[in-house]
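One structure below.
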Amino acid sequence: MSMIPRKDLLDIASLTNEEIEFVLANAVPFKDLFKRSVKKVPTLKGQTVLTLFYEPSTRTRSSFEVAANRLSADVTHFDIESSSVVKGESVLDTVETLESMRVDYIVVRHKQSGIPGFIAKNTRASVINAGDGWHAHPTQALLDAFTLREKFKDLRGARALIVGDIQHSRVARSTSLIFRRLGMHVAYLAPGSIMPRETPPEIPRFGNWDDAFAWKPDVIYLLRVQSERMDEPFFPSASEYHKNYGLTDARVEVLKERGLWLMHPGPVNRGVEITDQGMNYEKSLINQQVENGIAVRMSVLYWLKPGAIES
Amino acid sequence: MSMIPRKDLLDIASLTNEEIEFVLANAVPFKDLFKRSVKKVPTLKGQTVLTLFYEPSTRTRSSFEVAANRLSADVTHFDIESSSVVKGESVLDTVETLESMRVDYIVVRHKQSGIPGFIAKNTRASVINAGDGWHAHPTQALLDAFTLREKFKDLRGARALIVGDIQHSRVARSTSLIFRRLGMHVAYLAPGSIMPRETPPEIPRFGNWDDAFAWKPDVIYLLRVQSERMDEPFFPSASEYHKNYGLTDARVEVLKERGLWLMHPGPVNRGVEITDQGMNYEKSLINQQVENGIAVRMSVLYWLKPGAIES
Amino acid sequence: MSMIPRKDLLDIASLTNEEIEFVLANAVPFKDLFKRSVKKVPTLKGQTVLTLFYEPSTRTRSSFEVAANRLSADVTHFDIESSSVVKGESVLDTVETLESMRVDYIVVRHKQSGIPGFIAKNTRASVINAGDGWHAHPTQALLDAFTLREKFKDLRGARALIVGDIQHSRVARSTSLIFRRLGMHVAYLAPGSIMPRETPPEIPRFGNWDDAFAWKPDVIYLLRVQSERMDEPFFPSASEYHKNYGLTDARVEVLKERGLWLMHPGPVNRGVEITDQGMNYEKSLINQQVENGIAVRMSVLYWLKPGAIES
């Protein structure tokens, strides 16, 4: 059982089961460190982790920064908002600059799918995709899986209902994939206009909560509504979305009765995806997702090997 | 003499005399470290200090950052300018995120009074108020007191005149309080429109410098004029403010003759609160306030105990 | 051979040959560290390096930050974009604040020539000029020289052609100077409107590539076209610039035939200074310039002595 050293984490699809298992298993001792008040380990001492965010994201960036600090790495921000990208400077030129600076890890977010993979091909640094367009957000998926594994003895057969803008969500894509790789059943609930045209036949698609609840989910995974999408014609208004697809207080009651787990990648739009009362639901795992994000990202940084040859 | 462990620093009013004494006394050896060229101590190694600034402030943020670095803590910025606060995401949701990330200290600035206290109730992290609305700016008050204690054998009976926009100043509020707690006499000089309606009867209120000088102050503490307030009807123009309430060259002469100390929380608006010549006044403590800010903030970080139960 | 301790690096002109040699020579072992996978040395442990950028620059700032981290210094950003400079707060007041915070190094960029020198006079901290107006960019010059010294056994007699907006370029100024100090010959190629009126008589000035190539350069050093300058009447359009002064594919062929080295301070405007094909030219040193920037900046930080008296 020797894994091939892996340089990059680009998506869930390219991971072997063994690799998923490795990352999830090693996140456990990293999480335990904090319980034992060990705040910092010297694992990545002297290594440079660079964040390259073409889209701003305080939460994800901070989560990686704290994870890297706890491994004793140095963190540098090289963030380039889309609006200020220097005309004529390609992503490739930026990557060659970073490659020349010999950074060890590049954590990248970009609105265009595939950019992290393109970067990975052009650097010896380990590239971690922190979200690219509609494509993938693999560390979110890994932390989601880790969080559920703390609650289920065996994930096989567990049923997750993913709710919201499936079509445009990299979270939906990556998290669905890892849930299914771990033996779970996945279903989608979304307005027809933002339900993908083609989905795997094993994934049931629902248009309303009654049908979705009848599928008997164990976990409700709400996607974040992107407010900038609210203006688009195929998207209902915030209040209409809430009424039809949000977790209203009445629906929270169903969760309570059945004891279902609740997840959301954050930040929540209160009153849209979920009500205030829903945020206080005792089986909500939202804060545990954030907490586990640190340990899982530590595990990913620990696992990847800068300079490894991709097979 | 055992102090109850304290989790948060929210304002001066809630501190015991013993706690004020503890913070001021411990700032002395922290300041001495630099004189002895010891640049860094391992006190907070592995601890995470997070800055959460809803209002930008390069100076205060940097002062906390340098203080934390010198205690070997890791510093992460999670700054959210008011303009970009995600609609629908409450402060509570942000705090729950930070709580889940298990940061140890949250240094918070917000334009609304009371937000740091609200945050403190919802996290195990130690919360330090770096300025909330008109309410409080306790580390400024502590560094002001520390700076004067270096000049006066005994602060009891010393007289400080605070000048400017008393009404809207959290600095005025916190610094007045600590000065009086340490046995000083405090008076206010301000245009009537920005003098608070109600002040403690022990604090004389003056409308012009002649009356104020007649009170025989030992220390002149100028408040910063907020330029955004210049447009408001109850505020004179910058030049009128300077003429009536600023430290003109003629008034600097009075300070010189009497040997009075001069303070200002910075940054100074030259030509408004004070002239260029006033900035060169030899008994100005403005730069010493900045320098002492590092040692006092180190002392505060050292004193607070993340996770302590508030009594 | 004892050098006088130097506090600041403001420009190339004020350096002795011995100092230039010291910085270039010490950059070699710093570069070697990485080859030997030593990522970090404790040289500046506990020292504070503060960046004070009045103009944004992700690349230069990151290069200094990584260099400082690798010397185990703490890095704090105190960046003030021109637009947000507080009205009434002078550079001097900011410097007095930093001086009071007892930072050890200030890395400063400002659009106005001479500001770093002004700052240096008012602080005990070591000031490193990271670019001031049209004046100087000495660490760029040092890394350029270092990069060429890796390629030439002896720089004396080597010939560098500098191409572009000579008039407004601090890079042209500093890099010309160091090249000539190291015994190289330098020539300029530029549109007449942006060729300086007065240049040293030893520097030939060309108006077209044919004449410039006839001078038999060994190194082609392209300057970055500042896009904001494109609107000015004395500057040709981007496409006209490219046609007349850029490195077209035909001119790249000349470089190939003759085996000339190619340099650029970055970031490149593809299609303006250079074509895509030119970027792939095998004797391009552009990425090596970036890489060497880290080692050279480490060497500069190592060399300067905060608190030293300037002679």
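Even glycines carry a Cβ here, placed using N, Cα and C.
All annotation found in TrEMBL is predicted automatically rather than curated by experts.
Taken from TrEMBL, the feature domain 'Aspartate/ornithine carbamoyltransferase carbamoyl-P binding' applies to A:7-150. Regional average pLDDT for the domain 'Aspartate/ornithine carbamoyltransferase carbamoyl-P binding' (A:7-150) in the model is 91.
Cβ environment of A:Arg59 (carbamoyl phosphate binding site): A:Gly266, A:Pro267, A:Val290 lie under 8 Å away, each six or more residues apart in the same chain. Taken from TrEMBL, the feature carbamoyl phosphate binding site applies to A:Arg59, A:Thr60, A:Arg109, A:His137, A:Gln140, A:Gly266, A:Pro267.
Sequence-distant contacts of A:Arg170 (L-aspartate binding site), defined as residues of its own chain at least six apart whose C-beta falls under 8 angstroms from its C-beta, comprise A:Gly131, A:Asp132, A:Gly133, A:Trp134, A:His135, A:Ala136, A:His137. Residues or ranges marked as L-aspartate binding site by TrEMBL: A:Lys87, A:Arg170, A:Arg224.
Residues of the domain 'Aspartate/ornithine carbamoyltransferase Asp/Orn-binding' (A:159-304) grouped by DSSP class, helix first, strand second and coil last, total 66 helix, 23 strand, 57 coil. Among the features that TrEMBL reports, domain 'Aspartate/ornithine carbamoyltransferase Asp/Orn-binding' is placed at A:159-304.
Helix, strand and coil counts under DSSP for the domain 'Aspartate/ornithine carbamoyltransferase carbamoyl-P binding' (A:7-150) come to 64 helix, 25 strand, 55 coil. The local packing around A:Pro267 (carbamoyl phosphate binding site), expressed as other Cβ atoms within 10 Å of its Cβ over all shown chains, amounts to 18. Least packed by the Cβ count within 10 Å, out of the binding-site residues A:Arg109, A:His137, A:Arg224, is A:Arg224.
Using a 10 Å Cβ-Cβ cutoff, A:Thr60 (carbamoyl phosphate binding site) registers 23 neighbours. Using a Cβ-Cβ cut-off of under 8 Å to chain B, none of the binding-site residues A:Thr60, A:Arg109, A:His137, A:Gln140, A:Arg170, A:Arg224 qualifies.
In this structure, the CA atom of A:Arg109 (carbamoyl phosphate binding site) is 17 Å away from the CA atom of A:Arg224 (L-aspartate binding site).
Same-chain residues with CB within 8 A of the center of the A:Arg59, A:Thr60, A:Arg109, A:His137, A:Gln140, A:Gly266, A:Pro267 CB atoms, the carbamoyl phosphate site residues themselves not counted, are A:Ser57, A:Ser63, A:Ala130, A:Gly131, A:Pro265. Over all protein chains present, the Cβ of A:Gly266 (carbamoyl phosphate binding site) has 20 other Cβ atoms lying within 10 Å. Comparing A:Gln140 (carbamoyl phosphate binding site) with A:Arg224 (L-aspartate binding site), their Cα atoms are 13 Å apart once rounded. Between the CA atoms of A:Arg224 (L-aspartate binding site) and A:Thr60 (carbamoyl phosphate binding site) there is a gap of 14 Å, rounded to the nearest whole number.
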